[in-house]
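Structure record follows, encoded as structure tokens.
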Amino acid sequence: MEKIFLNGEFVSPSEAKVSYNDRGYVFGDGIYEYIRVYNGKLFTVTEHYERFLRSANEIGLDLNYSVEELIELSRKLVDMNQIETGAIYIQATRGVAERNHSFPTPEVEPAIVAYTKSYDRPYDHLENGVNGVTVEDIRWLRCDIKSLNLLGNVLAKEYAVKYNAVEAIQHRGETVTEGSSSNAYAIKDGVIYTHPINNYILNGITRIVIKKIAEDYNIPFKEETFTVDFLRNADEVIVSSTSAEVTPVIKLDGEPVNDGKVGPITRQLQEGFEKYIESHSI
């Protein structure tokens, strides 16, 4: 029987209930992580939970969990649910309290829930590429925190769906930031460009992996801003995330990227990613 982790216990889905006064439900006052499972093993799990605890610290949320403890509960959940290929979603909120914008006084216990999902890798997208669109980035100014406040992302993703695209690549003015659920890259003249790490983007775990792969393959990797026009005229465009892995974008705003085919640097990064899965899953 499927199990859900809820506030220190492994329970059935029917028992996994939260209060209507949970601050995650009322305010989006919480954080989350999404961790890939390959061959029954957790991929880059340490990096994910280090970011999880950083996000918690940034919003003043003390979870009383170490990285090691979070990894252990994740392993148990994956084993219980017999997940071979899929993911684990975990979120923490500031807990249950009467509705008030300020933090609860006295403090209440955080609410933590985690569940698993079995699903295959996006082979078709990886092999053939996807359509993308560009859209104005209307999100808040702390995108480096992986918070539950995702309305801006949701609206951007829905815009992509409306125009038969898989991802919306966002921009503030003319400066490209990131995708609605991914980091974004423009490849030009053999160089990978992506937005620098700051409060405008999430420091994606797959982004970190791609940077390391680029170093291994001696591909120049520049963390600097670029424009929407630069993106549209790139030789290759990719988006990356835990679920999307290294996905090529072959059409942007209805026009082909370069010749509309998956490019050679994208293929190198995908090759390196396969090796990284083997070496960084535990």
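Think of each number as a place in line: the chain as shown, counted from 1.
Just so you know, glycine gets a Cβ as well, placed from its N, Cα and C.
So that you can see what the record holds, here are the features copied from Swiss-Prot:
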ACT_SITE  K146  active site, proton acceptor
BINDING   Y32, R99, H101  substrate binding site
BINDING   R51, E178  pyridoxal 5'-phosphate binding site
MOD_RES   K146  N6-(pyridoxal phosphate)lysine
*Using DSSP and three states only, what is R51 (pyridoxal 5'-phosphate binding site)?*
helix
_Spatial neighbour of E178 (pyridoxal 5'-phosphate binding site) that is closest, considering only the binding-site residues Y32, R99, H101 and their CA atoms_ = Y32
*Span of Y32, R99, H101 around substrate - largest C-alpha separation, Å*: 21
*Quick one: what's DSSP say for E178 (pyridoxal 5'-phosphate binding site), helix, strand or coil?*
strand
*When neighbour density is defined as the number of other C-beta atoms within 10 angstroms of a residue's C-beta, which of the recorded positions R51, H101, K146 has the lowest density?*
H101
*Would you list, in sequence order, the binding-site residues among Y32, R51, R99, H101 whose CA lies within 10 Å of the CA of K146 (active site, proton acceptor)?*
Y32, R51
*Cβ distance under 8 Å to Y32 (substrate binding site), same chain, sequence separation 6 or more: which residues?*
F52, Y89, I90, Q91, A92, K146, S147, L148
*Alpha-carbon spacing, H101 (substrate binding site) to R51 (pyridoxal 5'-phosphate binding site), which is rounded to whole Å*: 25
*Select the most exposed residue of R99, E178, where exposure means the fewest other Cβ atoms within 10 Å, treating these as the binding-site residues.*
R99
